[in-house]
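Take a look at the structure below.
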Amino acid sequence: MSGRDNRGAGGGGGGHQPLSNAMGKLKEKLTRVGDELGYHRVESNLSTSNTATSLDTILPEDPFLFPQVSPQRHPQTVRTQRLLEDEPPLSFRPLLEDDDINEPPTQQQKRTPLRASGSLELTPLPPPPTSLEIREHRDRQQRGAQGDELQRSKQSLKGSRVSFERRDTGNSNTNSNKAAESSDEDSFEEKRTGFQQQKATSVDHKGILKDLKHILANDNRRQFQAKKHVSLDVKGTRFLQDLLKESSSEEEFHKTRREFQGRKHQSLDPRVTFKLDKVLQGSSTDSDEEGEDAEHKRLIHRPKDITKPVIIDLKDLESESDEDFLTSRQHFQQQRSISTDSRKSRRLYEMDEMGNKRGENIRHAVPFVRQITEDGKPKLEVYRPTTNPIFIWTQVIAALSVSLGSLVVGFVSAYTSPALVSMSDPNITSFTVTKDAGSWVGGIMPLAGLVGGVAGGPLIEYMGRRNTILATAVPFIVSSLLIACAVNVAMVLCGRFLAGFCVGIASLSLPVYLGETVQPEVRGTLGLLPTAFGNIGILVCFVAGSFMNWSMLAFLGAALPVPFLILMFLIPETPRWYVSRGREERARKALTWLRGKEADVEPELKGLMRSQADADRQATQNTMLELLKRNNLKPLSISLGLMFFQQFSGINAVIFYTVQIFKDAGSTIDGNVCTIIVGVVNFVATFIGILLIDRAGRKILLYASDIAMVLTLFVLGGFFYCKAHGPDVSHLGWLPLTCFVVYILGFSVGFGPIPWLMMGEILPAKIRGAAASVATSFNWTCTFVVTKTFQDLVGSLGAHGAFWLFGAICFVGLFFVILYVPETQGKTLEDIERKMMGRVRRMSSVANIKPLSFNM
C-alpha cells in the first residue's frame with residue numbers, strides 16, 4: 001500500500017528505486033531495439049511521473065512505411081529502413097520481465113497511467129508484411145512512376161521521329177500499334193536500345209558501330225555514351241570522353257551528364273548556329289534577354305523552293321524546368337542526330353516511331369529530314385549540308401568565269417592535232433618542220449605543263465586562287481601570238497612552252513577555286529563545267545582546224561582568252577584564302593557575294609576560321625617530309641597510280657595525232673571530219689559522266705571505262721596489224737572511227753575525270769597543296785612521255801604494237817582499281833579521310849576534275 005502511494009506522489013525518491021531501475025532498463029531496451037529496427041529515436045526523460053508520455057513518445061507510430069498507414073508525425077531526417085523478413089512484431093508487453101520490478105503492478109495500474117495522460121492504449125501491432133508483399137508493393141510503386149515516364153517518353157518520341165516523303169502507311173500503323181502496346185519497362189528499353197543503335201548507325205563517323213551495339217547490349221550506359229561520342233566527334237574534343245570515364249560513381253556520372261550532352265552537341269554541330277544545348281541545361285534565363293532574341297532565330301529550313309526560307313524560333317526547343325528534361329531530351333537527341341548526320345538520306349532507312357528499321361533502303365529519298373509534331377504536321381525541316389539557301393546565280397557566274405579558262409586550255413592542248421598537218425606542208429609554211437621538230441611541237445607543251453604544275457602550288461598560296469588564274473590570261477594571248485607570227489620552229493616552240501606553263505598552272509588552280517567557292521549541293525554539277533568547257537575547246541579547235549591553217553588557228557587561240565580575262569575581274573577571291581591571310585572582313589564580303597545578301601554567312605565564316613586554325617596547328621615546316629609519312633603515302637600513291645593509268649591509256653597520243661592516225665589507217669572518211677566526230681563524242685561523253693558519276697559510283701565507271709578502252713585498243717591494234725601484215729582491210733575503213741568513238745566515250749566517263757575528282761577527295765587537307773602539286777606534275781610528266789615517244793613507238797613497234805602496249809597497260813589498271821582504289825561515292829570527306837589515314841579533316845577539299853583537254 002505504501003509502495004503504491006509513494007509511486008504516485010514521489011518525483012523519483014529513493015523509496016521507489018525498483019521502479020526507476022525498471023524504467024531505466026526499459027529505456028535502454030527500447031533504444032537498442034529501435035536502433036536495430038531503424039526507428040526514430042526521441043530523447044525523453046523517463047520518470048515515475050511521466051511514464052505514459054515517455055513510452056508513447058519512444059514507440060514509433062508506424063514501423064512500416066506503406067501507403068495504407070498514416071505518415072509519421074516527426075519531421076526528422078528519414079534514414080534508410082531495413083525490413084527484415086524474420087523481424088518480430090513489436091509490442092510493449094514482452095519487453096518487461098518479472099524480475100525487473102520488485103512489486104508487480106496490478107492490471108489497473110498497468111492501464112491507468114496511459115489513459116490518464118490522454119494517450120492511446122498500446123496494443124500489439126499487426127505482423128509485418130511478408131517479403132512477397134514487400135516486393136509486390138515496391139513493384140507497384142516502380143511501375144506507377146515508370147509508367148508515367150514511359151508515356152511521356154513515348155509521346156516525346158512520337159513528336160520527334162524521323163519521316164520521309166516516301167512513307168509506308170501500312171507499316172507505320174502496325175508499328176504504331178506495337179509501340180502503343182509496349183507499356184512495360186522491358187519492351188520500352190528494348191525498343192529504346194534499337195532506337196539508339198539506329199541513330200548511331202546514321203551518324204557514326206569512326207566505324208566503331210560494332211562496339212556501340214555490343215556495349216549497349218551489355219547495359220553499360222556510361223561506356224556506351226563515351227564510345228558513341230568518340231564515334232561522332234568531329235572536332236577532336238576527346239576531353240568529353242574523359243568527362244564520362246573519370247566519373248567515380250553513378251551519381252557523379254548523372255550529375256555531369258547534362259554538361260556532357262550540351263558540350264558534345266556543340267562539338268558535333270556543323271552548323272554551329274544551333275543552341276540546342278540549352279534544352280539539356282533546363283534553363284530559359286538566357287532566352288529572356290531581349291538582346292539575344294535574334295540569336296534564337298536561325299535560317300535552318302530549306303524546302304524544295306529554296307528561294308523562300310523559313311525562320312523559326314529556337315526558343316520553342318528549350319526546356320522551361322528540370323521536370324521537362326526527360327521530355328525535351330528526346331527532341332534534343334533527334335535534333336542532334338539531324339545536325340550531325342553526314343551520310344545523307346540515301347544512307348538512312350525509313351524508321352518507325354521507336355527507331356526500328358522499317359524496310360528498304362530509301363536511295364532516292366527526299367534530301368531533308370522532317371520533325372513531325374503530334375498532330376502530324378511538319379514543325380521543322382532541316383536540310384543537312386548548310387544553313388544558307390543556294391544563291392545559285394553568283395556561283396554559276398564564278399564557275400563560268402573559270403571554265404572559260406578551261407576552254408582556252410582545251411583549245412591550246414588540241415592545237416597540234418590539226419595544226420601540224422598544215423605546218424608540215426611546205427606550200428603553206430615558210431620554214432621547214434621536220435618529223436623530229438613536229439614531235440617536239442607536240443611534246444613540249446606537256447613538259448611545260450609539268451613546270452607549271454610545280455609552280456602552281458606556291459603561287460595559289462601566295463598570290464591567291466583568283467589572281468593566279470587571272471595571271472594566266474595574258475600569257476595565253478602572248479603564246480598564241482608568238483605561234484601565229486612565227487618565222488621559224490624556235491618561235492613555235494617558245495609559244496608552245498609558254499602556253500604549256502599556263503596550262504599547268506590552270507590545271508591546278510581552277511579546281512581549287514571552285515572547290516573553295518561553290519556550295520556542296522551544287523559542287524558536283526558546277527564542278528564538271530571546266531571539263532565540259534575544256535572539251536568544247538577541243539571541239540572548237542578541231543572544227544576550226546578543218547578550214548584554217550596553223551597561223552589563222554593560232555590567231556583564233558589568241559582571241560579566246562579575252563572574255564575569260566574580263567569575267568575574272570567580276571568574281572571575288574576565295575573566302576578560304578582570305579581567312580588564311582587574316583582578312584576576315586574581305587572573306588565576309590566574298591561569302592556575301594557568293595551566297596547572296598540575304599544569307600547568314602557568319603556560321604560558314606566561323607567554320608572556315610576554325611578550319612584554318614586547325615590547319616595551322618597541324619602544319620609543319622617541311623611539307624615534303626610530311627608527304628613521306630605512312631598515313632599520307634597511301635592516298636598519294638593511289639592518286640599517282642590513277643594519274644599514271646590515265647595518261648598511259650594513250651589518250652593524249654590519240655588526241656594529238658588523230659588526223660595522222662586516220663591517214664595511216666587509210667580510212668575512207670576525211671581525217672578532219674574524223675577529228676570533229678571525235679570532238680563531238682568527247683563533248684557529249686562529258687554530260688553522260690555528269691549524269692552517272694554520282695549515281696553509279698566511281699569504281700563502276702572506272703571498270704566500264706577500263707574495259708571499253710582495253711577492247712577498243714586491242715581491236716585497233718589488230719586492225720593496224722592486219723593492214724600491215726595480213727589480209728586486205730580496206731573495206732573496214734569505218735572500224736578505226738568506231739573504235740575511236742568508243743574509246744573516247746569510255747575514257748570521258750571514267751579515267752578522264754575521275755582521277756582528278758578523287759585527287760580532291762582522298763588527299764589529306766594538311767598536305768593538299770603539296771600533294772596536288774606533286775600529282776599534277778606527275779600527270780604532265782606522263783603526258784610528256786606518252787606524246788613525245790608515241791611516234792618513236794610507232795616506228796619501232798608499229799602502230800599495232802603501240803596500241804597493244806596501251807591496251808595491256810589499261811588491263812593492268814583494271815586490277816589496280818579493283819585492289820587499291822576506294823569507293824568514295826556518297827561519302828563525306830571526313831569519312832574518306834578517316835578510312836584512308838585514320839584522321840578527320842576540317843576543311844572542305846577540292847572535288848573537281850581537270851578537263852580532258854588538260855591531259856594533252
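Yeah, the Cβs are placed from backbone N, Cα and C, and that goes for glycine too.
Pulled from Swiss-Prot, these are the features on record:
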- 1-29: region 'Disordered' (REGION)
- 1-389: topological domain 'Cytoplasmic' (TOPO_DOM)
- 62-202: region 'Disordered' (REGION)
- 69-80: compositional bias 'Polar residues' (COMPBIAS)
- 133-142: compositional bias 'Basic and acidic residues' (COMPBIAS)
- 170-180: compositional bias 'Polar residues' (COMPBIAS)
- Ser247: phosphoserine (MOD_RES)
- Ser248: phosphoserine (MOD_RES)
- Ser249: phosphoserine (MOD_RES)
- Ser319: phosphoserine (MOD_RES)
- Ser321: phosphoserine (MOD_RES)
- 326-345: region 'Disordered' (REGION)
- 329-340: compositional bias 'Polar residues' (COMPBIAS)
- 390-410: transmembrane segment (TRANSMEM)
- 411-439: topological domain 'Extracellular' (TOPO_DOM)
- Asn427: N-linked glycosylation site (CARBOHYD)
- 440-460: transmembrane segment (TRANSMEM)
- 461-472: topological domain 'Cytoplasmic' (TOPO_DOM)
- 473-493: transmembrane segment (TRANSMEM)
- 497-517: transmembrane segment (TRANSMEM)
- 518-527: topological domain 'Cytoplasmic' (TOPO_DOM)
- 528-548: transmembrane segment (TRANSMEM)
- Asn549: N-linked glycosylation site (CARBOHYD)
- 552-572: transmembrane segment (TRANSMEM)
- 573-635: topological domain 'Cytoplasmic' (TOPO_DOM)
- 636-656: transmembrane segment (TRANSMEM)
- 657-672: topological domain 'Extracellular' (TOPO_DOM)
- 673-693: transmembrane segment (TRANSMEM)
- 694-699: topological domain 'Cytoplasmic' (TOPO_DOM)
- 700-720: transmembrane segment (TRANSMEM)
- 721-739: topological domain 'Extracellular' (TOPO_DOM)
- 740-760: transmembrane segment (TRANSMEM)
- 761-766: topological domain 'Cytoplasmic' (TOPO_DOM)
- 767-787: transmembrane segment (TRANSMEM)
- 788-800: topological domain 'Extracellular' (TOPO_DOM)
- 801-821: transmembrane segment (TRANSMEM)
- 822-856: topological domain 'Cytoplasmic' (TOPO_DOM)
- Ser844: phosphoserine (MOD_RES)
- Ser845: phosphoserine (MOD_RES)
For the transmembrane segment (473-493), which stretch among 390-410, 440-460, 552-572, 801-821 has the most Cβ pairs under 8 A?
552-572
Which of Asn427, Asn549, the listed glycosylation sites, has fewest other Cβ atoms within 10 Å:
Asn427
Counting Cβ pairs under 8 Å that are 6 or more apart in sequence, does the total for the transmembrane segment (801-821) and the transmembrane segment (390-410) reach three or more?
no
C-alpha spacing of Asn427 (N-linked glycosylation site) relative to Asn549 (N-linked glycosylation site), in angstrom:
11
Of the listed stretches 390-410, 636-656, 673-693, 767-787, which one has the most C-beta pairs under 8 A with the transmembrane segment (740-760)?
673-693
Ranking 390-410, 440-460, 497-517, 673-693 by the number of C-beta pairs under 8 Å to the transmembrane segment (767-787), which range is first?
440-460
Under DSSP, the topological domain 'Cytoplasmic' (573-635) has how many residues in helix, strand and coil?
46 helix, 0 strand, 17 coil
Taking only the residues in the topological domain 'Cytoplasmic' (1-389), give me the average pLDDT of this model.
49
Composition by DSSP (helix, strand, coil) of residues within the topological domain 'Cytoplasmic' (694-699):
2 helix, 0 strand, 4 coil
Give the helix, strand or coil assignment DSSP yields for Asn427 (N-linked glycosylation site).
coil
